[in-house]
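Asker: What TrEMBL records for A:12-186 is domain 'CheB-type methylesterase'. The annotation active site is assigned in TrEMBL to A:SER18, A:HIS45, A:ASP138.
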Amino acid sequence: MEKDSLKGKIDLLLIAGSAGSLDVLLKVLPAIKYNLSFPIIIVLHRKASYDSSLINLFNSKATLPVVEAEEKDSLQNGKIYVAPSDYHLLVETDHSVSLDYSEKIQYSRPCIDVTFETAAEVYKTRIAAILLSGANSDGAAGLKSIKNHGGITAVQNPQYAEVSYMPQKAIQIAPIDYILNIEEIANFINKLSL
Amino acid sequence: MMIEYNFIQDEDVDIILNDILESYGYDFTEYSKASIKRRINRLFTLDRFMSFAEFRYRLKSDPDYMHRFIEQVTVTVTEMFRDPQFYKVLREQVLPTLGTYPFIRIWHAGCSTGEEVYSMAILLKEANLYHKALLYATDLNPEVLEKARMGIFPLSQMKQYSENYIQSGGTKDFSQYYTANYDKAKFDEELSRKMIFSTHNLVSDRSFNEFQLILCRNVLIYFDKDLQVKVFNLFEQSLDNLGYLALGSKETIRFSSLTSRFKQLDNEKIWRKIA
């Protein structure tokens, strides 16, 4: 990728994954620059009971403040929002988030596709999404939707992902702009910032 | 099922919601947009409409289809003893206080198919308070109320509910509360004896009684901030002094004028009216 070509391109970054993506995030979050010019939303499939410890764990590693998204939160630049377990997280036109306790989709709540699709409709070309390791096809349709609206799509290189199914599935159905190794992800995020 | 394309755009959603308000009096215009738009698109795809015009015409001209709209677009997902820790606090801190009153009135606002109302009935039974309690259970959707009245839930859920029940501090054998029949669990009619089911729309209907406890869990997340404020005021009018308001695990009164007059219990989503 050309140097600085990504600079200032987006107003929101989405990162999502399932099995095997927690370790990736713990490597990526400490390397993100502290004055990032956009917010990040993380959607992670997981068991319901570990929520507060997950936020604490992220906060102990991340350069940016990490919070569990609360309903009607307005997204602020340089802040990381984690979708709470057992709720879908949707992005509203006023750049706030809302939560939804409707049926599981793709056996998942939060469902990655729901967040990606609602965010794509609002942010159109001004968004990027990265899909990490996982054993489920959630996120692939969402990445397609991001691309349809002119956003930037990226996946973790399935070859090195702990579970390759999720990024592999995304590559099959959606145009992917960047296939990244773990050590390239933080750099990619930082380049998107102003 | 995944929806890849959104046929119904923001403007279309506004048109439909206005039609429904004019034709049927149901007001969804202050619901959170992203969620209701997604639900409407889901219904549009599910029922294989060819065009927005066709969808709009059907909704305006066919009251039966309007019922389907309400059933499908409002979220009815619920479970028994959802968030066990919440029920533990109800059991250990709220019910002992309510027990000092001669009569206990509880309102489940937006009760859906009633799983939480039956959970509450079990708590009241086990606290020996059921005889002096009344449980008002309301929802805007008459279909779900009919299910709630029956007290019949999928047998496949009982393992999870039983685990929730134990985590909430329950010490009995959970299966004593229902009779299994094929794939259904029918809850003891003794539990529903003091339940009163009625349609009530939080958006347009008024306060109808005074309560010592109001539960409204995972309903407000679907409302925008202005509507939330209106509903909080309705709850405040409907609560006795020192009454309790219980919300869903991600809901809060922090944006409303209630904060100064309500005190939160521990870290649970339960607030007590103190002034």
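Every residue, even glycine, has its Cβ placed from backbone N, Cα and C.
Automated prediction, rather than curation, is the source of TrEMBL annotations.
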Asker: If you count other CB atoms within 10 A of each CB, which of A:HIS45, A:ASP138 wins among these active-site residues?
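Answerer: Top count of Cβ atoms within 10 Å goes to A:ASP138.
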Asker: A:SER18 (active site) has how many other Cβ neighbours within 10 Å of its own Cβ?
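Answerer: Its Cβ shell of radius 10 Å holds 25 other Cβ atoms.
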Asker: Through the lens of DSSP with three states only, how would you label A:SER18 (active site)?
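Answerer: The residue in question, A:SER18 (active site), is coil (DSSP, three-state).
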Asker: If I take the alpha carbons of A:HIS45 (active site) and A:ASP138 (active site), what is the distance between them in whole Å?
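Answerer: Cα-Cα, rounded: 10 Å.
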Asker: Whole-number Å only: compute the distance from the Cα of A:SER18 (active site) to the Cα of A:ASP138 (active site).
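Answerer: On Cα coordinates alone, these residues lie 9 Å apart.
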Asker: Over the span of the domain 'CheB-type methylesterase' (A:12-186), how high is the average pLDDT in this prediction?
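Answerer: A mean pLDDT of 95 is what the predicted model shows over the domain 'CheB-type methylesterase' (A:12-186).
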